[in-house]
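Enquirer: Summarising the annotation, TrEMBL assigns active site, nucleophile to S107. Residues annotated as active site, charge relay system in TrEMBL: D133, H218. If you look up TrEMBL, you'll see R147, D152 marked as Ca(2+) binding site. Residues annotated as domain 'PLAT' in TrEMBL: 293-427. Marked as signal peptide by TrEMBL: 1-23.
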Amino acid sequence: MESPPCVSIFLVLCIFIQSSAHGQSLGLEPFGRRLRAAETMEASQETKTRFLLFEEERDKGCQIQLNHPDTLQQCGFNSSLPLVMIIHGWTESAQFSRSNVHLIGYSLGAHVSGFAGNYIGGKHKIGRITGLDAAGPLFEGSSPNDRLSPDDADFVDAIHTFTREHMGLSVGIKQPIAHYDFYPNGGYFQPGCHFLELYKHITKHGLTAITQTIKCSHERSVHLFIDSLLHPSLQSTAYQCGDMDSFSQGLCLSCKRGRRCNTLGYHARRGPQSRKSKRLFLATRAQSPFKVYHYQFKIQFINQLEKPVEPTFTMTLLGTKEENQKITITLDEEIASNKTYSFLITLDLDIGELVMIKFKWENGSVWTNVWNTVQTIIPWSRGPLYSGLVVNTIKVKAGETQQRMAFCSENMDGQQLPQTQEKTFVRCDINSQKLKRKIR
């Protein structure tokens, strides 16, 4: 008869004590201090959590000290033996309400958190579970009982950051798995994580740069959640939308009294309970703070040229906070005739209320630009000097403030848009009901 295999049992005693019994608050500040202390690896902090190592021939556990790896050796830890980790929770005798529990799981840990919530069951569920780019392989397309799902807690939110497929598999799960599923930048891939950014990662991480680049998008979910704690005044707003294509056109910035929008991260709001997941999209920066400001632009172009054009435009946006940002836009399709284009523009800075737009058509051959300039200076005929693009009113909607605006040409020289010449548009009055209806 074979003897049972030797194992090391790592017992983690997580004792949840009701804060009111000690007159202490469960606010965010202590959590933030513990997070910073762990990151800087400073002196061991006081904690009521005990880590005990048990072995087959030992009745009492040997305590492992945080940030003191030498205690592993002192307790006789044997890395060649299998390791079993037992994580204790709370007991009913502690009188701790499950509704006060918030489980946060990253990658595979997101599904583990879901299994924990599902296993507890009973009349009262865990208060909240947050899944940070929950693992995709073996979980994509599985039933709710086999992955994180809205049934596992009173409120479940998930952040998807790396759902791009490779050989039919994605690191992060693509399908909705929560009450609110957030897809930053579409959820496929994250800015600043491309292999073209490898040289920046080498400067920061050295020899581990390749590993850091590969897992960059997957880990971005963690950094986005932490960012919501570190920057309470820069919360990122996400907007409910059917797909990323519609969102990129700026068609989903309507909040409808807050029911179609939510906040990414710790401060996500619980909405009316529904079995159907809500998919929310947003854009972010490549580094912290990640917040950007979303705008929908609707511009009607009239093409007076004899052939379609593939224009590139630059716009300088000026706001009441005396900040301005210059952006470049290249339309995905040619302008062949009269058409209204809608697209999303994001700004890294809060420029306040938008008051002026400087618009410039950059595209066109060099000789065409020279000829247009010569015609402007020396008119060769009495006929019209211009034949090109015409821009009517520019309509704008700010996602964060839900404000709708219209901009008209500052000068009374018509709506023509000469190539390489900047044209200024200022706020103008349009029937508010008409504007509201057209910019949806």
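The backbone N, Cα and C atoms fix where each Cβ goes, and this holds for glycine too.
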Enquirer: How far is it from D152 (Ca(2+) binding site) to D133 (active site, charge relay system), counting Cα to Cα, in Å?
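Expert: Cα-Cα distance, D152 (Ca(2+) binding site) to D133 (active site, charge relay system): 17 Å.
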Enquirer: Where R147 (Ca(2+) binding site) and S107 (active site, nucleophile) are concerned, what is their Cα separation in Å, rounded?
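Expert: Each residue's Cα considered, R147 (Ca(2+) binding site) and S107 (active site, nucleophile) end up 11 Å apart.
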Enquirer: C-alpha of H218 (active site, charge relay system) to C-alpha of D133 (active site, charge relay system): distance in Å?
Expert: 6
Enquirer: Pop the Cα-Cα gap between D133 (active site, charge relay system) and the residue listed as 'active site, nucleophile' into the table, whole Å please.
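Expert: The residue listed as 'active site, nucleophile' to D133 (active site, charge relay system), Cα-Cα distance: 5 Å.
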Enquirer: Please work out the mean pLDDT for the residues of the domain 'PLAT' (293-427).
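Expert: The predicted confidence over the domain 'PLAT' (293-427), as a mean pLDDT, is 79.
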Enquirer: I'd like the number of other C-beta atoms within 10 A of the C-beta of D152 (Ca(2+) binding site), please.
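Expert: Cβ-Cβ neighbours of D152 (Ca(2+) binding site) within 10 Å number 27.
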